[in-house]
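What follows is a single structure, written as structure tokens, with notes after it.
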């Protein structure tokens with residue numbers, strides 16, 4: 001074990017040339033990041049999760065009820081052993097041939113069987129109230145951590161001149177505010193890692209799981225080798241769009257459609273501007289070029305930048321989905337009016353959660369003609385209900 005630890009913490013990998021771990025031991029004069037500090041994230045992640053449960057029950061739920069968001073779930077399908085066996089063991093969306101066979105076997109008409117499968121699928125979907133509570137929690141936490149990050153960074157020299165991220169590196173002292181900001185963000189991502197398995201299941205589960213893993217590794221990695229200054233820029237920049245996303249989702253669940261549409265437009269503009277513009281031109285520029293000039297490359301420098309490039313790849317993927325949804329919304333909007341919610345279900349499924357889709361039309365019916373009961377095509381649909389889940 002000692003040999004494995006010595007190999008893992010090899011100074012020639014983690015630190016620039018001629019720098020040792022002994023040089024970065026905290027003293028009375030200066031405090032530096034220590035790997036053992038990261039253990040604080042686990043109890044804090046548990047605390048954040050418990051706070052979330054209390055918040056959703058005693059704050060978010062009363063707010064949802066005040067907005068007339070009902071907790072009633074979808075209609076329960078009547079018990080039927082044969083259809084249940086087909087649903088659980090064979091298919092949730094039987095084709096026309098199977099429907100005819102079931103119709104003869106049960107002496108039901110095909111339309112009744114189609115209705116049963118729709119109701120059975122909807123049975124597993126969460127209520128709008130639950131989705132509202134989850135979004136309100138994420139909105140509240142994102143607003144707090146983004147506001148804290150902005151207030152902290154505006155007092156730092158590296159916000160205004162990114163070359164300060166590398167001056168005197170790695171002998172940059174760790175301040176209390178920076179330590180709190182970093183550990184809070186890391187704890188939040190750990191809480192998301194655990195709660196993702198109990199949260200509303202979305203179609204981008206795999207992508208988000210990869211994102212959370214990369215985010216946790218990137219935060220931990222940059223903390224250990226004291227790249228925390230540039231790390232704070234990455235964190236704050238990626239938090240900027242989350243507040244608008246969750247606010248738009250809440251407006252959508254509350255059926256404040258005009259507010260939802262406005263917030264979506266704002267979200268899309270902020271997301272694409274920060275992820276495809278500011279991040280590569282500002283952050284990647286300093287990590288790839290300014291750091292090369294001031295500090296020079298070393299093994300962990302390459303790993304850090306590869307992780308940032310992976311994050312940028314995910315940013316490009318989500319930006320593509322946002323633009324795709326917006327273009328389809330414009331082309332399918334009624335009377336040519338902009339409304340990101342006027343998107344058919346097959347279009348929304350590219351990005352939103354399977355649990356967020358509205359009732360599927362019976363097999364054989366053209367999905368592009370599908371409408372919901374409240375008169376708009378996909379009222380609670382679109383990116384906002386499933387979201388591209390941007391938690392950077």
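The backbone N, Cα and C atoms fix where each Cβ goes, glycine too.
The DNA-binding region annotation in TrEMBL covers 85-128.
The compositional bias 'Low complexity' feature in TrEMBL is assigned to 369-392.
Taken from TrEMBL, the feature domain 'Homeobox' covers 83-127. Across the domain 'Homeobox' (83-127), the model assigns an average pLDDT of 87.
For 130-331, the entry in TrEMBL reads domain 'TLC'.
Look at TrEMBL and you will find 344-392 tagged as region 'Disordered'.
Residues or ranges marked as transmembrane segment in TrEMBL: 38-55 (among others).
According to TrEMBL, the transmembrane segment annotation covers 179-198 (among others). Tertiary neighbourhood of the transmembrane segment (179-198): same-chain residues 33, 37-38, 40-42, 44-49, 52, 141, 145, 148-149, 152, 205, 208-209, 212-213, 215-216, 219-220, 223, 228, 231-232, 235, 391, selected by CB-CB distance under 8 Å and a gap of 6+ residues from either end.
Annotated transmembrane segment per TrEMBL: 205-224 (among others), in sequence order.
Summarising the annotation, TrEMBL assigns transmembrane segment to 260-282 (among others).
The transmembrane segment feature in TrEMBL is assigned to 302-323 (among others).
Taking H, G and I as helix, E and B as strand and the rest as coil, DSSP gives the DNA-binding region (85-128) the counts 31 helix, 0 strand, 13 coil.
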